[in-house]
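Q: Okay, these came from TrEMBL:
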TRANSMEM  20-42  transmembrane segment
TRANSMEM  54-73  transmembrane segment
TRANSMEM  131-150  transmembrane segment
TRANSMEM  156-174  transmembrane segment
DOMAIN    176-242  domain 'Mechanosensitive ion channel MscS'
DOMAIN    253-335  domain 'Mechanosensitive ion channel MscS C-terminal'
REGION    353-377  region 'Disordered'
């Protein structure tokens, strides 16, 4: 019986079928090993990251064992290597695809795990997760393409050299776009502002952030106008985030000038009464009045209040300015305007200028006389 079995195994198709059957058995044994041993071991750890990674690796390992058996069986049947130049690269390409798909899932899983555990100052955070996930998949896709080309015996040396030259040319041609791209990456990582924040730029542009992209940031102004600012400009300029800080509320100062001679205590009381009962003004911290300076035309005061959010700045300023003007007028407190006193003084009488000296007579010299008279002809 063993001799007959060995004789049957000498037949290439039967031996190939036996190899295929053995590969299926080996694949199922590996599957049982993962379920019975590996999964039990990883479940004892404190994190579930390794559990999910093992669950992802089960299918690629199973398929890889089958592909190895199929390639072995193909080599047994195709002894003349008539079809192996197609079958072997095809099987290797399938293996590359299977493992690349698993690598995609593992990369996303690992990045998501560490982004959720990162602190506020970490580079990898939930808001930067899509960016890193995209970069990881691009790298994995490039590696998969490289190994797939190697499986088909394609010389990639020339392609890599050409890609390097093309990359340098594209880098020089698109340096502004690359600057915006890297600035967008750092903005997403550093998070100086987020969507919904009220920000202000050096040029006075002010609005609420509606979108943060890799190339630009969009803000919506109070005039309902959307402004698109390249990220490279934002990265090299000062950005004031009015919504940042422990709370979203913001302090607003209204400068008021009253005439010299006004009652300071009365002015303070009138100004403190203006914010009472007004909407969008926080009761705590309470409004304050500060006597700031002696101005050129009057006494300078500053009424400081806290508003619930920066987007209401214009409405609060309009309401408070109207109330301050009416309250000062009703209290008889003068609001001075810029004025200048001009004093005209008479000029002194003009004094007589001294007479100019008379010119001295100049000596006119005649022609020089010869010392010896010329002889008579």
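Even glycines carry a Cβ here, placed using N, Cα and C.
In TrEMBL, annotation is done automatically, which means it is predicted and not curated.
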Q: Can you count helix, strand and coil residues in the domain 'Mechanosensitive ion channel MscS C-terminal' (253-335) using DSSP?
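A: Tallying H, G and I as helix, E and B as strand, the rest coil: 31 helix, 23 strand, 29 coil.
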Q: Could you tell me what the rest of the chain brings near the transmembrane segment (54-73), counting residues at least six beyond its ends with Cβ under 8 Å?
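A: For the transmembrane segment (54-73), the list is 16-17, 19-20, 22-24, 26-27, 30-31, 34-35, 38-39, 42, 87-88, 91, 94-95, 98-99, 101-102, 105-106, 109.
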Q: Give residue numbers and ranges for long-range contacts of the transmembrane segment (20-42): same chain, 6 or more residues beyond its ends, CB-CB under 8 A.
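A: Residues 50-51, 54-55, 57-58, 61-63, 65-66, 68-70, 72-73.
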Q: Over the span of the domain 'Mechanosensitive ion channel MscS C-terminal' (253-335), how high is the average pLDDT in this prediction?
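A: In the predicted model, the domain 'Mechanosensitive ion channel MscS C-terminal' (253-335) has a mean pLDDT of 93.
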Q: What does DSSP give as the helix, strand and coil breakdown of the domain 'Mechanosensitive ion channel MscS' (176-242)?
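A: Split by secondary structure, the domain 'Mechanosensitive ion channel MscS' (176-242) comes out as 20 helix, 22 strand, 25 coil.
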